[in-house]
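Asker: In case it's useful when we look at the structure, here is the feature table from Swiss-Prot:
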| type | residues | note |
| --- | --- | --- |
| BINDING | GLY65, TRP162, ASN215, ARG407 | substrate binding site |
| MOD_RES | THR48 | phosphothreonine |
| MOD_RES | LYS59 | N6-acetyllysine |
| MOD_RES | TYR96 | phosphotyrosine |
| MOD_RES | TYR96 | 3'-nitrotyrosine |
| MOD_RES | LYS107 | N6-acetyllysine |
| MOD_RES | LYS159 | N6-acetyllysine |
| MOD_RES | LYS185 | N6-succinyllysine |
| MOD_RES | LYS227 | N6-succinyllysine |
| MOD_RES | LYS279 | N6-acetyllysine |
| MOD_RES | LYS338 | N6-succinyllysine |
| MOD_RES | LYS363 | N6-acetyllysine |
| MOD_RES | LYS396 | N6-acetyllysine |
| TRANSIT | 1-29 | transit peptide |
Amino acid sequence: MALLHSGRVLSGIAAAFHPGLAAAASARASSWWTHVEMGPPDPILGVTEAFKRDTNSKKMNLGVGAYRDDNGKPYVLPSVRKAEAQIAAKNLDKEYLPIGGLAEFCKASAELALGENSEVLKSGRFVTVQTISGTGALRIGASFLQRFFKFSRDVFLPKPSWGNHTPIFRDAGMQLQGYRYYDPKTCGFDFTGAVEDISKIPEQSVLLLHACAHNPTGVDPRPEQWKEIATVVKKRNLFAFFDMAYQGFASGDGDKDAWAVRHFIEQGINVCLCQSYAKNMGLYGERVGAFTMVCKDADEAKRVESQLKILIRPMYSNPPLNGARIAAAILNTPDLRKQWLQEVKGMADRIIGMRTQLVSNLKKEGSTHNWQHITDQIGMFCFTGLKPEQVERLTKEFSIYMTKDGRISVAGVTSGNVGYLAHAIHQVTK
């Protein structure tokens, strides 16, 4: 203590004789980041924080984009637990993965998306790399476009689109444009507006498409509408960039959910594709995803793969191991794959059932509004058509939390609270 005290005295004497030293130290301590402003809170995380502070026993969080069981609890798929047990029993090492990820995972992901009998797979004219979930796949794809897509910097997003699409592409150096997608009057797909806008997009531009379970609206084109969109894309020579975060989770059928992607490829449109296993395997925190580029031939695919690895290396060197092992085990083990497909269908069916129950309960409440769009929409999210002031009332009067645009996560609705939700919605809309 004596030494510490004497040290302080000496430093104080030094500062007295050399006041510039104290001023310099003070400047160094406070001047580097004074210009940095407080960033805005994430709108969805903000909903969750407000929900946590609420003490109402009937409170509902319909903002979170994660599946919940019918008790409102996080759900780990039994097939995932089995895969984890099998992996643990093998006593595997924890060595780095290659830059492109776990080979057996990448192969299985491409097969899941494109179909096991895909001509693209048989000819080898594709490359798939493992990514840090769907967000990582989008960023890798966006960075590849920024570096090698020499025709345009414009990426056309549906209006609306997932909130993270804009910063991902913007931060990669691309420019964002939009095309009509959602019709607020019908709470459905604005097919006429979408086709009209896409047909006017400058040739050799990038068009982002949600493969299934459009986020945030839950509104998807029908197969015949997808066909017409593909025709326009081919005619305008647009590059189709697919985001497929919900394969299997939308309809309960993985092949049905991948129909649009496969149709585009069958029409001779070489696409790129982002996949995520957060929703359909419940591997949210494992960050498991894939990015696939369909190429002209196998030689082009090899060159694209080499450049994707060059992009990945300075970003994160190589992807995480554990989640990819789990996904690969499920996709490549017949009994686990069969079980997983049944579980995915079970999750999708529960969400479809909650949509039906919500509409039924709204009718029981005496609501005269047309709520058919709730059952017409698909996937985890539903655009209710509620106005911001109605959303505010739901929060203040009923402790029901959602984003201001009226989007709800149907996964947060259970057989135990759907009646309360219907009552609250009726009260703010009657």
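Cβ coordinates come from backbone N, Cα and C, glycine included.
Can you tell me where each of these features sits in the structure?
Answerer: In sequence order, ILE44, ASN215, LYS279, MET380, PHE381, SER409, ALA411 are the residues of the chain that are 6 or more apart from GLY65 (substrate binding site) and have a CB within less than 8 Å of its CB.
Residue environment of THR48 (phosphothreonine) contains 13 other Cβ atoms, counted within 10 Å of its Cβ in all protein chains. In three-state terms derived from DSSP, THR48 (phosphothreonine) belongs to a helical segment.
In sequence order, PHE51, SER399, ILE400, TYR401 are the residues of the chain that are 6 or more apart from LYS59 (N6-acetyllysine) and have a CB within less than 8 Å of its CB. Secondary structure at LYS59 (N6-acetyllysine), taken from DSSP and collapsed to helix, strand or coil, is coil.
In sequence order, SER317, ASN318 make up the list of same-chain residues 6 or more apart from TYR96 (phosphotyrosine) whose Cβ falls under 8 Å from its Cβ.
Taken residue by residue with DSSP, LYS107 (N6-acetyllysine) is part of a helix. Sequence-distant neighbours of LYS107 (N6-acetyllysine): residues of the same chain at least 6 apart with a C-beta under 8 Å from its C-beta are THR128.
Within the same chain, residues at least six positions away from LYS159 (N6-acetyllysine) with a Cβ under 8 Å of its Cβ are GLY178, TYR179, ARG180, TYR181, TYR182.
The 10 Å shell around the Cβ of LYS185 (N6-succinyllysine) contains 8 further Cβ atoms across the protein chains shown.
The secondary structure of LYS227 (N6-succinyllysine), as reduced to three states from DSSP, is helical. Sequence-distant contacts of LYS227 (N6-succinyllysine), defined by Cβ-Cβ distance under 8 angstroms and a gap of at least six in the same chain, are HIS263.
Reduced to three states, the DSSP call for LYS279 (N6-acetyllysine) is coil.
The C-beta environment of LYS338 (N6-succinyllysine), restricted to residues of the same chain at least 6 apart in sequence and closer than 8 Å, is empty.
A simple way to gauge crowding: the CB of LYS363 (N6-acetyllysine) has 14 other CB atoms within 10 angstroms, across all the protein chains here.
Under a cutoff of 8 A between CB atoms, and with a sequence separation of 6+ in the same chain, LYS396 (N6-acetyllysine) has no neighbours.
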Asker: Using Cα coordinates, what distance in whole Å links TRP162 (substrate binding site) and THR48 (phosphothreonine)?
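Answerer: One finds 18 Å between the Cα atoms of these residues.
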Asker: Let me know how many other Cβ atoms fall within 10 Å of the Cβ of ARG407 (substrate binding site).
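Answerer: By my count, 22.
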Asker: I need the most crowded of these recorded positions: TRP162, ASN215, LYS279. Count other C-beta atoms within 10 angstroms of each C-beta and give me the top one.
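Answerer: The residue with the densest Cβ neighbourhood is LYS279.
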Asker: I need the neighbours of the substrate site defined by GLY65, TRP162, ASN215, ARG407. Which other residues of that chain put their C-beta within 8 angstroms of the C-beta centroid, in sequence order?
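Answerer: The surrounding set, listed in chain order, is GLY163, PRO216, MET380, PHE381, SER409.
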